[in-house]
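Notes follow the structure.
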Amino acid sequence: MENSTEDYRIQSFDLDTQVLLKTALKDPGSVNLEKVSNIIVDQSLKDQVFSKEAGRICYTIVQAEAKQSNGNVFRRNLLNRLQQEFKGREETRGRSLQEWVCYVTFICNIFDYLKVNNMPMVALVHPVYDCLIRLAQPDALMNEEEVDCLVLQLHRIGEQLEKVNGQRMDELFFLLRDGFLLQEGLSSMARLLLLEILEFRAGGWMLSSTAHKYYYSEIAD
Amino acid sequence: MSEWTRSRRRDAPSGQYDDRSSGPSRWSHCRKRGVDGSLRANREAEGDDRENGSYRHADNRHASFTTPESAGPVSRCGRQADWGSQVEDDEMRRDVHRDMQRYRRRILGAEVTQRERKTSSGSSGSCDSREGDNMETDEAVLLRRQKQINYGKNTLAYDRYIKEVPKHMRQPGVHPKTPNKFRKYSRRSWDQQIKLWKVKLHAWDPPTEDSQDKVLDNIEELGLDDVMDIELDFPTLSDSQDAPASVTAHSLSLEGEDCLGTPVKLQKTEDPESA
């Protein structure tokens, strides 16, 4: 198995927690999975690097638990905790932009990694859209942090999301075009990010090689 | 909303769900996971400390004996609201649809064989598609039945049974056979089949040190009402006995399903219709 500690980025936890997480990965039945799910969510809300990759560790624990006992205690607690945080998302955003961005990153990462019979979890589709559409509101577009988060999520899960619900993707992209075109005071970095994601979707969730060159090549001289 | 407060309450060592699923009744004692899906092993010690009878229904039935089927509308609606349960329901719905397609294929196969047989023996093929017509396709019913089946399979007894008795050794009427969720049955008939199935499964309960006491407990718990209930219910089983011979392969071999064979295993059971 390739589940070395580094794969799951759990070095930032204290030693006891690292042991707990490692045990959860190998023998989920022997630990309190509700506690494990809370630890992972708490860390995701604090640590942006972790929130981008937390889906992977969650996926492994879900698989291990299903294989070991056909159970889904971990997944249930994880999702219900996510739901709890979802309810308070506007307060979270008001309190700490960073935590809000971490939350969106995390829920999108879970959406990306955890599947039910190889299909996205339907329960998460609307919540994920709600978060992304919140990021596309004028006040959020003024924060580069939020724009950055929004386009990153769309790069990762945009295509899957559109497949399960194209209408809401259209709704989201109306906002993005409006923002790009009409919103005053938008930084040029934010505009660049928006333009790229508009092109990205228009190209069937791919950048043409010339577009890629435009956005990603080092500027010659 | 209420689910969240409930799940928060679960943080406390004596959350409602924990109490329910780790009580000391015989039925719950061999359950692998509690109502909330948590493995019971973690809480076994806790449960043993509890006083007998502290979590009983008014009718002296242990709370953990309540099956998901009869958990009542309040709890079911509450649970559907949370994401965890939504995903689980989603998962089960997909599984049920997959099973339904497999079952349809099997019926088709069986019908072809039967038609050939009928033609050669010269009898009419009027009831060829009977099994297909008889199929239960109502998703709500199938999901409800699947939940009941899952509940029965989520036992140590079931694990022991499938391990000790390989499939080809199982004899109709002797060994428990999972009721066929795709056949049309009345609610009452189905619930009765589930009940009898679970009673039979209990023959494979893991032996316990105090098994003597448990048997005595059971005898105490077994009131006259239950015997009456089962006798009254019994005739409804006959509605599957006159099923056409063609479906023997799929039918539930109910003919041997007599409850007289396992009197000691009789339990107080839920009757959702009258409850």
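Every residue gets a Cβ built from N, Cα and C, even glycine.
Unlike curated records, TrEMBL annotations are generated automatically.
Per TrEMBL, the listed range annotated as region 'Disordered' is B:236-275 (candidates: B:156-195, B:236-275). Listed as Cβ neighbours of the compositional bias 'Basic and acidic residues' (B:91-102) (distance under 8 Å, sequence separation of 6 or more from its ends, same chain) are residues 137, 139, 142-143, 146-147, 150, 181-182. Helix, strand and coil content of the compositional bias 'Basic and acidic residues' (B:91-102), in residues and according to DSSP, is 12 helix, 0 strand, 0 coil. In the domain 'Histone RNA hairpin-binding protein RNA-binding' (B:137-206), the DSSP tally of helix, strand and coil residues is 45 helix, 4 strand, 21 coil. On the 0 to 100 pLDDT scale, the model's mean across the domain 'Histone RNA hairpin-binding protein RNA-binding' (B:137-206) is 89.
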